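Below: one structure, written as structure tokens.
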Amino acid sequence: MKVLWAALVVTLLAGCRADVEPEVEVREPAVWQSGQPWELALSRFWDYLRWVQTLSDQVQEELLSNQVTQELTLLIEDTMKEVKAYKAELEKELGPVAEDTKARLAKELQAAQARLGADMEEVRNRLSQYRSEVQAMLGQSSEELRARLTSHPRKMKRRLQRDIDELQKRMAVYKAGAQEGAERGVSAIRERLGSLIEQGRLQALASQPLQERAQAWGEQMRGRLEKVGSQARDRLEEVREQMEEVRVKVEEQAEAFQARLKSWFEPMMEDMRRQWAELIQKVQVAVGASTSAPSQEP
């Protein structure tokens, strides 16, 4: 579409181009047939330039006024507004897309949009410049005026065409990303619905009558208590058996120790009794001898 604008601007700037070179036929892009608001705005921009072209001999007089640049300013603003609105709509559709992908697409589209706006501004500025040149060239011949007005149009046409193609390509990528995001969103919704269905099933189980749940809970607790009681009884029986084994071992060890002590001390006590008896006997003998000696002295 920008190419179309550029071509129109070129022919507009050419003024009375019929005597200089054949009119360049410009084909309207097929993309306008989709009817997007921003494309319709660009179409209006194109229609206005084409209308200016039909002024033929009146072009010089129109360029001397501010009407053309004012109209172009309004059309540029409308076009940029529609492009931004369409971009915002695509951004909403890109919700489920990864943030890095969304940021990259937005950056590329913003750059293409900026280039389009800059070139449209240049078209308007060129017209203002040509209007000033026309004012300065009053009195010159029509051929000289036409030659000045046709100096830049071809370059502007190529630039606008390139920008339009770039913007359309970015829009297509952006829309493809939005469709991909929508598909991911549907998958996420499907998974969410599955989760909600599962939760609903669990809630249905949880909504059983309170009495049934209490009865089930009571049976469960009784089963657990019986299991714990059985385990406790088994454990106590094991402990009792272990204690009995320990008692028997202690008694056996005590009897063995007592027997060892008896085997140690009985010979010793017997020897001490024997020695003590011998000592007493010796003392008695000594005492008896000492008592018999005084009786024999008179």
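Cβ coordinates come from backbone N, Cα and C, glycine included.
According to Swiss-Prot, the feature region 'Specificity for association with VLDL' maps to residues 260-272, out of the candidate ranges 13-25, 52-64, 260-272, 273-285. A mean pLDDT of 65 is what the model gives for the repeat '7' (205-222).
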